[in-house]
Structures are given as structure tokens and as C-alpha cells.
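The annotation FAD binding site is assigned in Swiss-Prot to Gly13, Gly14, Gly15, His16, Ala17, Gly18. Residues or ranges marked as NAD(+) binding site in Swiss-Prot (evidence: sequence analysis): 273-287.
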Amino acid sequence: MDFPSRFEVIVIGGGHAGTEAALASARMGVKTLLLTHNVETLGQMSCNPAIGGIGKSHLVKEIDALGGAMAMATDKGGIQFRVLNSRKGPAVRATRAQADRVLYKAAIRETLENQPNLWIFQQACDDLIVEQDQVRGVVTQMGMRIFADSVVLTTGTFLGGLIHIGMQNYSGGRAGDPPSIALAQRLRELPLRVGRLKTGTPPRIDGRSVDFSVMTEQPGDTPIPVMSFLGNKEQHPPQVSCWITHTNARTHEIIASNLDRSPMYSGVIEGIGPRYCPSIEDKIHRFADKESHQVFIEPEGLTTHELYPNGISTSLPFDVQLQIVQSIRGMENAHIVRPGYAIEYDYFDPRDLKYSLETKVIGGLFFAGQINGTTGYEEAGAQGLLAGTNAALRAQGRDSWCPRRDEAYIGVLVDDLITLGTQEPYRMFTSRAEYRLILREDNADLRLTEKGRELGLVDDARWAAFCTKRESIELEEQRLKSTWVRPGTAQGDAIAEHFGTPLTHEYNLLNLLTRPEIDYASLIAITGQGCTDPQVAEQVEIKTKYSGYIDRQQDEIARLRASEDTRLPEDIDYAAISGLSKEIQSKLGITRPETLGQASRIPGVTPAAISLLMIHLKKRGAGRQLEQSA
């Protein structure tokens with residue numbers, strides 16, 4: 001059989017964005033091609049061996065709720081699991097997993113190779129076929145022309161990638177992989193705003209040369225958490241500990257005395273690095289008053305001695321890297337397996353994208369991941385899933401979809417990017433979401449799985465499990481509501497004694513659960529029955545205890561919904577709207593917001609300007625009605 005020359009969707013790149021994009025498109029029944037420069041690196045964790053964390057796990061759970069692969073692969077490859085912020089409220093709790101790189105990558109590849117409607121082909125993409133402002137396909141490195149209705153670019157750090165170690169640099173997409181030069185040049189010819197960003201990675205250490213006895217052990221949680229809504233702890237490989245050590249005055253002295261050899265501080269690197277994952281050079285420069293910084297020693301896997309020293313990312317020369325590492329307690333005799341480095345790469349201003357992640361100037365061309373200025377596997381995976389979904393919807397002739405800010409962290413991520421743009425690598429935090437009590441990691445499936453089913457992203461097995469869970473939550477809430485406890489009875493006295501809360505009158509169990517001192521597990525232990533599914537029990541408890549706050553947020557969302565959903569015509573001429581300042585006209589003209597809500601979040605666009613836009617829309621609507629009736 002000849003290799004197909006036409007697909008409905010082509011995805012370029014096999015990293016975290018590309019794999020989720022290709023899988024999403026194929027799950028929707030669309031003929032999809034995943035082009036990668038190397039099949040062996042599909043799903044590769046290029047930087048730290050971890051998935052999740054504050055804000056990030058919310059994205060992973062949302063990807064999972066929509067049928068994506070990241071959470072399931074984490075459960076199969078995770079060698080340590082912890083819940084961060086476990087003593088805080090449910091809105092900011094976050095699951096984080098250390099992952100075995102080999103196992104994680106194998107899980108992703110297995111998923112890809114067993115996905116119907118998905119073809120995988122090892123070829124670099126050198127060019128796009130664009131006709132009349134519409135993408136028509138791609139041209140590969142060996143000159144193959146492959147056509148498609150939509151193309152999703154998930155190029156990571158490969159576009160014009162330049163690797164720096166000290167004052168030396170060379171072209172590369174990441175260590176050991178070639179960059180994408182021809183495609184980068186082609187994209188720069190398009191009417192899109194382009195910039196340069198930078199990221200980095202620390203040297204890798206041979207664990208046999210490390211003294212763990214002087215470090216602080218950091219074991220995983222017990223019982224072991226799971227990442228996927230369909231996951232279970234039986235899927236997990238053997239679990240291991242991480243370790244904590246610290247930099248010291250000697251470490252900082254070594255770095256400070258060698259800043260003139262840093263490509264970042266000597267002006268060689270032009271790209272801006274990630275604010276929330278700075279290099280060790282950046283840390284000692286920005287936080288000069290700090291005497292030490294934590295270094296988390298993270299195992300890379302079960303079948304390797306390599307360690308990832310999280311916290312000392314650097315692009316200093318190798319001889320300086322060795323001095324830095326060996327100045328840290330427990331690593332005095334450490335052997336470096338791979339040097340750390342920084343990498344500069346092209347990214348494109350995400351304000352040139354629609355909510356669907358389709359470019360505004362080239363129809364059918366979608367961007368996802370680091371090409372949009374983000375950093376992190378989770379942010380990339382979320383964008384990939386959304387871009388792949390919308391590429392498939394376009395091929396099917398259906399309307400595009402993007403969750404709102406009050407529906408998902410994916411919605412927050414995309415809205416931030418296309419409205420505000422970014423001058424530095426963008427990372428997700430719970431603090432970026434104004435409705436975070438509703439957007440918890442534990443209820444991502446309740447928020448999104450039904451929509452995923454409607455879109456064609458969710459298979460029968462996941463849908464059946466979700467429906468069972470949702471029904472169980474409703475049944476347990478009804479049971480608690482209809483079960484009463486009276487003062488003076490054995491159960492009433494037991495509750496009063498256990499919780500130190502005497503009952504003054506008859507209560508149903510749901511009322512009792514609203515009290516801060518009463519938890520679900522203890523209440524059920526006294527009253528009997530109850531739910532054995534921990535996911536169901538968690539939902540019942542959180543929904544009950546925070547019902548007042550949740551209702552308040554829902555009311556606020558309902559009030560804002562009208563303006564949020566009001567569409568702004570694509571052909572609107574902001575310069576013709578009387579009363580708008582030149583500055584606001586310019587900002588609206590550059591961003592071209594899709595809705596009134598998006599316009600209101602553009603920096604410098606005032607409430608008065610939004611009122612003028614509303615008046616203009618009403619006049620425009622009235623004028624069109626008169627034309628139609630004439």
C-alpha cells in the first residue's frame with residue numbers, strides 16, 4: 001500500500017503537545033498523521049523527570065478528563081507520588097509525580113501506536129504548503145508533499161534552537177537532537193510576530209558518586225495518590241525517595257566569580273528565561289541576600305543511576321558546573337554524566353491566535369506548546385489537546401471549542417496567552433485562576449468529561465466509569481440528606497463525644513457534614529454504610545463543606561456570563577468607534593479580541609471603553625435589523 005498523500009490533520013512534533021494533539025484528533029475519528037524527526041523520542045521528558053505540581057496537576061487532570069494520555073502514562077511511569085498543599089484547601093491541592101523517563105515514554109508510545117486513525121512517520125517538516133492564506137499541507141525533509149485540512153505545529157524548543165554551554169554555542173533542538181532551521185525560516189516569512197525565549201537544564205549526576213547520608217530524605221505519600229481518574233496504585237512501578245540538599249556560600253562564590261563566563265550575563269543569550277524556574281546564576285544574582293537555595297535530588301528512573309539536581313539549572317562552562325556541583329553537601333565527589341545547558345528558540349506571539357489556537361492569518365494552521373511562549377510539559381499537553389481537537393473539528397466542519405476561564409485551567413491558560421501575550425515563558429499557577437474553588441483538580445472530570453464525550457474525545461470505558469461516579473455522588477448526597485440523627489440516641493451521643501459537638505436538635509448527615517470539625521470518614525464510621533470509593537467520598541465532602549462559597553462563585557460567573565460571551569465581529573473597525581482613545585483603539589486593533597469579555601482583560605482597556613463597545617454593538621445590531629426590514 002502506498003503511503004497516504006492526504007490526511008485530515010497533520011501534527012508536527014512528538015513531544016507533550018504533539019502527542020496529545022495527535023491522539024485527540026485521532027480519537028475524534030479524524031485521519032491524523034504525526035510527523036516526528038525521531039520516533040524514539042516520542043513523549044520524551046526533555047527536562048525534569050516529573051509531572052504535575054501547583055497549577056500544573058490541574059491541567060493534567062483536565063487533559064485526563066478529556067481522554068488524554070498524560071495522567072495515565074504518569075500512573076504507569078510514576079516512581080514517587082505526593083500531594084502538595086495537602087493541609088490547605090482543596091482549590092490549591094496538587095498531585096506531583098516523579099516519573100521514570102523510560103517508563104513514561106514507553107507508556108506514551110504504546111498509547112500512540114494503539115490509537116486507531118493515527119499514522120506515525122519519522123520525517124522532519126521543512127516547509128508548509130500555504131495557498132490563499134490557508135494551509136494545505138507540509139513538505140518533509142526528503143521533499144514529500146503531504147496534504148491536510150489542518151496542520152498543528154508543536155515544535156518545542158527546536159525552531160532555530162541554539163544550545164549554550166559557557167561561551168560556546170551550537171545549533172540544536174535539545175542535547176543530542178538537531179534543530180529545525182528550514183521550518184523556522186519559513187515561519188518567519190509569515191505575517192506573525194516572532195521572538196526568542198530561553199530555557200535551561202541542570203547537569204545530570206551519577207547517583208553512585210553521591211553521599212545521601214548527609215541529605216534529607218523526601219519519601220512519597222502513603223497511601224500512594226494516583227494521577228488519572230481511571231488510574232489505580234496497582235499500575236505504579238516500585239516507589240523511591242527524593243533527597244534534599246542546599247547550595248552554600250562557597251557555591252554562590254563560585255557562581256559570582258564566573259558570571260563573566262555566563263552567556264546569560266555576558267549578553268550572548270538574547271532570549272528571556274522562565275521567571276519561576278530560574279537558573280542558579282539568576283537565583284544568586286536576584287536573591288543575593290539568601291545564604292542558600294534548596295536542591296532537590298530527583299531519580300531519573302529505576303534502571304539508571306542518573307539523578308536530576310532540581311534547582312541548579314545552568315549554562316556556565318563545564319569546569320564551573322563541576323565546581324558548583326562538588327561544592328554542594330553530599331556531592332563533593334559527584335560525577336557529572338551530562339552537562340547542563342541553556343537553549344534559545346523561536347516562539348510566536350500568542351496574541352496572533354484565536355481561542356481555538358488557530359492562527360488569525362493562516363486558516364487551518366494551529367500552534368501548541370512552547371511555540372506559544374509557554375514552559376512545562378503540562379501546559380504543552382493542554383494546548384496540544386485543545387489544538388488537536390479544534391483541528392479535527394475544523395476538518396469535520398464543526399465549530400471550534402475552548403473552555404471558558406470559569407470552566408477549566410485550560411481556558412485560563414489560553415485566555416491569558418491570546419489576550420495578554422507573554423514576554424517570558426508562561427507557567428500555570430492556581431493564582432492565575434479567579435474561580436479556583438470551582439476549578440479544583442479533583443473535579444476536572446465533573447467539569448469536562450461530558451463535553452469531551454460530546455466532542456468525541458472520551459471513549460466508552462471512560463464514559464461508563466464517569467457516569468457511575470457521577471451517579472454514586474448523587475446517590476450518596478441523597479442518602480446523607482435523608483439520614484437523620486437525633487440527640488439522645490446512641491448515634492447522636494457518639495457524634496457529640498467524637499467531635500465535641502453536642503446535638504441541639506435533629507440533623508441530617510449532610511447538614512452535619514457542613515460543620516468544619518466533622519469529616520466524612522469519621523461521620524460514616526459512626527453512622528455506618530457510606531461510600532467506599534475515595535473519589536466519590538471526596539466529592540461529597542468538598543461539595544458539602546464549601547457549598548456556600550461555591551454557590552457564591554457560580555452566582556458571580558452567571559452575572560459576568562452575558563458580557564463574557566458577547567461576540568465581537570471580526571470586521572469591527574475600532575478606529576471608527578467614537579469615544580475610544582487612540583491607545584485603546586490600537587490595543588483592540590492589535591489583539592482583535594473575539595468576545596467582550598476578552599476585550600475587558602486587555603491591559604489598559606477601561607470599563608468605559610467596554611461600555612462604548614457595548615453601545616456600538618447595540619447600534620450595529622439595530623442598524624442591521626433596519627436594513628433587513630427595509
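For all residues, glycine too, the Cβ spot is worked out from N, Cα and C.
Contacts of Gly15 (FAD binding site) defined by a Cβ separation under 8 A and a same-chain sequence distance of 6+ are given as Gly43, Gln44, Ser46, Thr154, Gly156, Gly369, Ala380, in order along the sequence. In the three-state DSSP scheme, Glu281 (NAD(+) binding site) falls into the helix class.
Taking every protein chain shown into account, His16, Arg275, His285 are the binding-site residues, and of these the Cβ with the most other Cβ atoms within 10 Å belongs to His16. Non-local neighbourhood of Ser279 (NAD(+) binding site): Gly200, Met264, Gly273, Ser313, Thr314, Ser315, Ala342, each in the same chain, at least six residues away, with C-beta under 8 Å from its C-beta. Of all the binding-site residues listed here (Ala17, Cys277), the one with the fewest other CB atoms within 10 A of its own CB is Cys277. When each of the binding-site residues Gly13, Gly14, Gly18, Gly273 is scored by how many other Cβ atoms sit within 10 Å of its Cβ, Gly273 comes out lowest. In sequence order, His293 are the residues near Phe287 (NAD(+) binding site), counting only same-chain partners six or more apart with C-beta under 8 A. Across the fold, the C-alpha of His285 (NAD(+) binding site) and the C-alpha of Gly14 (FAD binding site) stand 36 Å from each other. The Cβ of Lys283 (NAD(+) binding site) has Lys290, His293 as same-chain neighbours under 8 Å, each 6 or more residues away in sequence. Spatially close to Glu281 (NAD(+) binding site) yet at least six residues away along the chain are Ile255, Leu259, Ser262, Met264, Tyr265, Thr314, Ser315, Leu316, judged by Cβ distances under 8 angstroms. You'll find the Cα of Gly14 (FAD binding site) roughly 24 Å from the Cα of Cys277 (NAD(+) binding site). It is 20 Å from the Cα atom of Ala17 (FAD binding site) to that of Cys277 (NAD(+) binding site). The secondary structure of His16 (FAD binding site), as reduced to three states from DSSP, is helical. When the Cα of Cys277 (NAD(+) binding site) is compared against those of the binding-site residues Gly13, His16, Gly18, the shortest separation belongs to His16.
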